[in-house]
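Heads up: the structure comes next, in structure tokens.
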């Protein structure tokens, strides 16, 4: 067996750093000796340095400098191919460690004349015929823990080794691409050869998984199957169909990354188009895979092939089975592709049926351009995009496998065929597509140019039409589910419909309030313009037989119009509050609700009802506080201002109480979907002191004005309007809105998860009580029938036979 000292001296001699004569030992090494050298290589850079007294990267760089020279130097000609394969192996080991522990995929090395990518270095090595011959010798099926079958040997013999080219690096492998020497006898003309990096063949689970791969997955023979077709496999290699297209990892890396800005984390844009196309294709392929009875236990971006065609995007999978290297990762947030693997797999080396759900959630996040926070919670902008989508993602990436799909409605089927046809992934796909339909509809009105972004600052800009379209989408989805007889997601859709109907009505009311204020203000200046909607109201009143000016009849005595100076304070305050109210409700509170399909008790029930009432009231009460001074009595505006602000402070206090209660219970229950650090109320709690400080002068000065103790109404009205517009319109209801909406959505979804955990706990407790009650009843029955117990004891006594069927007494043996 070659010694470490011989190898170290020979490598130094070849690289020009040692005695040239030391390289002569390589001439006597054949495939068996090189196998021993390669199998004995350390798996990590630290171990390589300790054994060979040189950094692994430095070894790669000096051997590469030797390889690209025109002559081989002191290296014996018969050893050049094996030495090139040695360089290919340590390069693959280095890339594997960089990807697994540091998240680096684009590895580069110093080289004469510049830097060289690891992929280019490997491609140049495999293009050399001597290295390809070394591959043929070192991976020959005669090596292995068990002899290769005749079928495996036959498939190996079909390989045209002269056509081999480097394709890419895997986690534990080098993947080559080639053509069949006998295309008519092969599944396809081209193949991919996954060569297990030599030291990993020393790991029994990895070698056993490679050996059994063909027998486990050779049933995939059709191009319509979600898994690539397998030709054969042995201890060190897997021969499979070659798939054109990029890996999902390549696709994600090629996408431009926006600069990280913590202040804008809640409004970071989501790649909606990519999430729609790729997410749907991924879920469709996974549903097909589960329908065939398989699970992908290493669902990471590098194991997903994405192929685009004229008809859309197709996703297929490679490398099924647990990647045993994931069990070597340390606790905490895993680097690189190990982050996509479920925590239970990283901790124990294997997972159950819920492990691939975690990977699916991480993949959907990555496709949308996001990733989990270090504590395992969703990023803020996931909640701004869609509460329904955030609920689904939370339900997939929960750290506890028993809590995945906790709130997602999955319908169970008694018929096995129907259960396969509508498996869990397929139902998740349908839910995902329904939420994506709503997201696409919402995105249609997103401002594109500078003018549209400026117009978007106006309240109610497109909101009535937007809410109407989303409401119609939800109605159509509910009708389709009813026609198909699927009731699992029915209650959730009914709730979504109700929220969208309320949002549409609220948008109409808030927009109408602003329109009333503007119309009355214009009339105060004596401009002869009348809104179309006023004409319609007057026509309707006239047709009813009433000879009265409807709006004039609403005004109380002393409220004169037009009176531009006298009504100016009421108009200023009413206009500013109408702007703030519309933007505040539509940006923060529309379409979200704390209500749960499960019944809550005690304090939680009260807080839920109060929070729901507060949310919905923010669409009505502020508008009333604007409409009454505008339509009925202009002198009421100081009182209406006080009522509106005090009510807002009360409502925000209720929201904060709900969030704090949910946070406390979530931390106690150990919900991983709840942030470990600062949790809501954060931004909302910081609003309350400002609001309370604002309430003090409003209550004091407003009361003095109503008592005629202060006469500077216009100055006070300008002060209130300035605060409303500068702080609450542009900042609170504008820049801060996504963060507050995120806080509320997090709290509402966390409360829903806690409801389902409590229901599960109660069900388990009831089951245990039922079993205990059954045992007590059984014991009580035996006590009430002692003859049964004595008969049973007699029958079990040694030497006593049971009574015969004719009723004869038992007798001693």
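Cβ coordinates come from backbone N, Cα and C, glycine included.
Among the features that TrEMBL reports, compositional bias 'Low complexity' is placed at 795-813.
The feature domain 'Protein kinase' is assigned by TrEMBL to 161-425.
Annotated region 'Disordered' per TrEMBL: 764-813, in sequence order.
The transmembrane segment feature in TrEMBL is assigned to 502-522 (among others).
According to TrEMBL, the feature transmembrane segment maps to 606-630 (among others).
Sequence-distant contacts of the transmembrane segment (636-658) (same chain, at least 6 residues past either end, Cβ-Cβ under 8 Å): 569-570, 573-574, 577, 594, 607-608, 610-611, 614-615, 617-618, 621-622, 625-626, 628-629, 681, 684-685, 687-688, 691-692, 694-695, 698-699, 702-703, 705-706, 716-717, 720, 744, 747, 751. According to TrEMBL, the transmembrane segment annotation covers 636-658 (among others).
If you look at the transmembrane segment (691-707), the same-chain residues 6 or more away from its ends with a CB under 8 A from one of its CBs are 638-639, 641-642, 645-646, 648-649, 652, 713, 716, 719-720, 723. According to TrEMBL, the transmembrane segment annotation covers 691-707 (among others).
The list of residues near the transmembrane segment (713-730) in space but at least 6 beyond its ends in sequence, with Cβ under 8 angstroms from a Cβ of it, reads 568-570, 572-573, 575-577, 579-580, 583-584, 637-638, 641, 690, 694, 697-698, 701-702, 705. What TrEMBL records for 713-730 (among others) is transmembrane segment.
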Under an 8 Å Cβ to Cβ limit, what residues of the same chain, 6 or more beyond the ends of the transmembrane segment (606-630), are close to it? 502, 505-506, 509-510, 513, 516-517, 520, 570-571, 573-574, 577-578, 580-581, 584-585, 589-590, 592-596, 600, 636-637, 640-641, 643-644, 647-648, 650-651, 654-655, 657-658, 661, 751
Model confidence over the domain 'Protein kinase' (161-425) (mean pLDDT, whole number): 85
